[in-house]
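Peer 1: The transmembrane segment feature in TrEMBL is assigned to 13-35, 47-68, 80-102, 114-135, 141-163, 296-316, 336-355, 367-384, 390-411, 431-450, 456-479.
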């Protein structure tokens, strides 16, 4: 399969993933706004901050939540113990379907992913809304049962699909699939008599360590909240709501792109070879794609940072009322808007870095991640003690800045001996930078005079000012960043012919 064909499939996967994420987040957005009217912020804090940690540690440390940590007041957060057990069980169920998900993702079975995940999320949302409306006194039962139902439906979709696929005559035509029957995905003894392929096991261990450390860096503030009790359950709930709202666009746009183009880079580039020793056409395509993705991430992140600052309080007031728009909510969301910019750049740089690194480089990177994880947890605790929940976002910004620096250094070394300079994607024209600065200044002034105590006419005027400034800025980007526009039109905007399995 040529690099252009792989690029087309990766772009198609990213496009469908983007649509899927829009559906997911729209449903979640509406559902959360509905839930906030019926449940306390303490329950939201426990569900979204503490219990998901029970999922991650379900096989190892699930008992910690029941024996060592502070148990919430049963009158405020009922059925806590049972909720932790059910969340842990849902994690076990989801792990059973992980081999099928990996197989589908690696071979870009786009329709399978869209149908399975859409069906699971929609059914979970319907069940959650029904239980919240009719049985709000169930507390954590609502969310734990909905999560268990979601993972069960998701796994059944993947298992059913591959069971039918591998049992059909068409499976013989799919020479690219590494399995021929469903039992090949289960543990088995190889032809050589060994139960474990040690070469693959060592590589898997390297990626496991990397994923573990990345989990600490990504969810570290939740561990600090849970184990050190730096915030009460109510403040944890507000932080998590703002965190989810702030990352909404990041998950809509950046996550599908990162997942899809990681597969593209991993298929086009060879891990153990220098860029000068590989097929130069593939190296050139990878460099051009990386440059365009960096430019796209930078523009999207800057847009969110600049315009999010002046509309954070209004967004929180519309979404959750005074509970979110008063107090620390607006400051949290404004800080998160800048963090989204770093998230966008880091997603693209790490997507390339992890796809191109050799095993030895992955191991070296793990040591850096280990040191970064420790410093991040300490910094989160200190900054939170000093400036409240905003400290978590500041610590995340520090963490993300270090990770971006590591990835940029790797990309620079990777292309140092080649004529390609993909890091040029991080440079914007002075005209476009001026448009961002002007738009940010105008919307900031508009917020002072029009938002958010003057009623809805003033709010609508404030929104109109922002829409005009955003349109002018995007128009400037369209005129100045012609290379990026061409990439989006050719790779993300044109439908491609694919086989029946995609």
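Keep in mind that glycine also has a Cβ here, set from the backbone N, Cα and C atoms.
These numbers come from a predicted model, not from an experiment.
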Peer 1: What same-chain residues lie close to the transmembrane segment (390-411): Cβ under 8 Å, and 6 or more beyond its ends?
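Peer 2: For the transmembrane segment (390-411), the far contacts come to 217, 220-221, 224-225, 239, 290, 328, 331-332, 335-336, 338-339, 342-343, 345-346, 349-350, 352-353, 356-357, 361, 365, 368, 372, 376, 379-380, 382-384, 422-423.
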Peer 1: When you scan the chain for residues with a C-beta under 8 Å from the transmembrane segment (336-355), skipping those not six or more beyond its ends, what do you find?
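Peer 2: For the transmembrane segment (336-355), the far contacts come to 210, 242-243, 246-247, 249-250, 253-255, 257-258, 261-262, 265-266, 269, 286, 290, 293-294, 296-298, 300-302, 304-305, 308-309, 312, 362, 365, 393, 396-397, 400-401, 403-404, 406-408, 410-411, 426.
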Peer 1: Sort out the residues at least 6 away from either end of the transmembrane segment (141-163), same chain, that have Cβ-Cβ distances under 8 Å to it, and list them.
Peer 2: 47, 51, 55, 78-79, 82-87, 89-91, 93-94, 96-97, 100-101, 103-104, 112, 115-117, 119-121, 123-124, 127-128, 131-132, 135, 182, 185
